[in-house]
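Visitor: Checked TrEMBL, it gives:
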DOMAIN    11-59  domain 'Lipoprotein YgdI/YgdR-like SH3-like'
REGION    39-61  region 'Disordered'
Amino acid sequence: MLALLAGCSSNYVMTTKSGQTIVTHGKPQLDKETGMTSYIDESGNKREINSSDVSQLVEDN
């Protein structure tokens, strides 16, 4: 079961309006109440970014 769950998690690439590229582990989650997008970075740390700063989000194949 663990292998199945691990296989479902894809990396995503977020690009910010300032041109920064952020690779995330798993799909980032939008909190509509706060306007923040939370994600897990490549080091496994939970991070947040203001959703209005994100210009693009694509799945990394």
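Numbers run from 1 along the shown chain.
Just so it is clear, glycine is given a Cβ too, placed from its N, Cα and C backbone atoms.
A TrEMBL annotation is a machine prediction, not a hand-curated record.
What you see is a predicted model, and the numbers here were worked out from it, not measured in a lab.
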Visitor: Could you tell me what the rest of the chain brings near the region 'Disordered' (39-61), counting residues at least six beyond its ends with Cβ under 8 Å?
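Guide: Answer is 10-18, 22-30.
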Visitor: Pull the DSSP breakdown for the region 'Disordered' (39-61) and write it out as helix, strand, coil residue counts.
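Guide: Summed over the region 'Disordered' (39-61), the classes give 3 helix, 15 strand, 5 coil.
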Visitor: Check the domain 'Lipoprotein YgdI/YgdR-like SH3-like' (11-59) for me and report the mean pLDDT.
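Guide: Here the mean pLDDT over the domain 'Lipoprotein YgdI/YgdR-like SH3-like' (11-59) amounts to 97.
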